[in-house]
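So that we are looking at the same thing, I have put the structure below in structure tokens.
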């Protein structure tokens with residue numbers, strides 16, 4: 001084979017390789033294009049499905065939002081309808097009150113007309129008597145001049161003395177009759193005012209107790225509340241000062257304590273712990289603190305609601321909060337806040353009947369026992385504390401005097417002060433309103449805590465077990481272990497000297513030191 005032939009064969013082979021490579025590359029390119037087209041179509045299909053899913057999800061969310069908005073709108077409409085109904089009821093009540101006032105005014109006008117007619121008759125009777133006296137004087141004078149040798153002046157003097165004696169006797173009789181009639185009318189008027197006020201003021205009182213019950217979902221929860229070796233129940237009792245009674249009562253825990261605020265705090269905290277399910281000392285401290293804040297908010301709301309219901313406005317915000325604390329105070333078993341509202345209504349009604357300032361009378365009646373809201377740490381009677389509070393928050397002098405005089409400590413200087421004292425007596429003396437035994441029991445428990453907290457270094461104390469035990473928390477940096485034993489003996493001796501109680505009282509002094517560090 002010649003070189004030329006070899007070159008030609010090589011060229012042909014190269015050309016053949018190029019043609020074959022061209023067709024191979026074309027086939028591969030077409031396959032890639034077909035694959036890319038299929039992938040693009042798949043991506044487009046997936047995008048369409050995703051878009052459809054997003055569209056459906058957006059529609060569902062829009063429907064849910066529309067449903068929520070519809071529910072909110074319906075709720076708002078119901079609330080506005082209820083508010084309008086309440087306003088309508090208040091307007092109807094005001095109309096009824098105005099009608100009663102008009103009737104009272106008409107009755108007073110009729111009474112005044114009757115009295116005026118009676119006075120006119122008396123005046124006419126007196127004038128007739130004066131005419132008769134003048135006639136008698138003339139007759140006596142003529143007779144004396146005829147049969148007597150007396151001078152005119154002497155006869156005149158004798159006649160005047162005789163007439164004076166007769167008139168003095170008649171005037172004394174008339175004065176006595178007038179006084180008796182005035183007393184009878186005053187008694188009838190007072191009884192009428194009191195009966196009318198009592199009939200127009202109807203208030204219910206529920207006897208306060210010293211226990212609360214917390215319902216449990218099951219009896220297994222009792223073991224979780226007690227905790228390992230009783231640490232949970234001890235923590236809750238220490239933080240709240242309330243005694244937890246866990247007995248055979250199914251699905252229930254009893255909270256016992258004489259301080260309603262502490263008992264309510266413990267009840268709310270225990271409810272939260274049961275609902276949450278996590279019960280351990282750290283969680284208990286957190287829930288007790290939250291419960292204290294909730295109780296404070298509730299106290300403020302009760303004060304605002306009370307002022308609104310009674311119709312007393314313009315009270316200082318601090319005084320409103322103090323007023324709300326009366327919700328958790330009792331006097332001989334009678335709730336002090338309900339008692340204060342009843343006194344306010346009675347005083348206002350009686351003031352209206354007598355033409356006095358009803359709003360000022362309500363204000364004085366509502367605040368007359370405000371001193372009972374202050375804890376026993378502040379010295380002084382509730383009257384003295386109430387006067388200090390009213391003076392501090394610049395209340396009206398009539399209100400201050402009503403507080404000071406409603407138990408007879410001072411003389412009342414206004415009719416409103418007398419009405420407040422009368423309303424207080426009416427509310428307290430109503431059968432079933434008060435209970436002596438419960439009040440004495442609560443006073444004994446308060447005295448226990450007062451004695452315990454009077455010593456230096458004591459942080460707080462709690463009377464528990466129905467007054468059979470008092471637990472004293474002391475400051476660890478102020479009292480050591482030996483001083484804690486001596487403090488327990490001193491408190492025990494003072495309790496024996498100052499209190500009368502059945503059985504024995506256990507005095508427990510607790511000194512606790514904590515070291516807390518945070519790992520970062």
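Note: Cβ is positioned from N, Cα and C throughout, glycine not excepted.
According to Swiss-Prot, the record shows the following:
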- 29-141: coiled coil (COILED)
- 210-273: domain 'KH' (DOMAIN)
- 336-429: domain 'HD' (DOMAIN)
- 25-520: topological domain 'Cytoplasmic' (TOPO_DOM)
- 4-24: transmembrane segment (TRANSMEM)
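Have a look at these and tell me how they're positioned relative to everything else.
Confidence annotation: the coiled coil (29-141) carries a mean pLDDT of 84 in the model.
Under DSSP, residues within the domain 'KH' (210-273) fall into helix, strand and coil as 34 helix, 13 strand, 17 coil.
Away from its own ends, the transmembrane segment (4-24) comes close to no residue of its chain (no Cβ-Cβ distance under 8 Å at least six residues beyond either end).
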Just give the helix, strand and coil counts over the domain 'HD' (336-429), going by DSSP.
67 helix, 0 strand, 27 coil
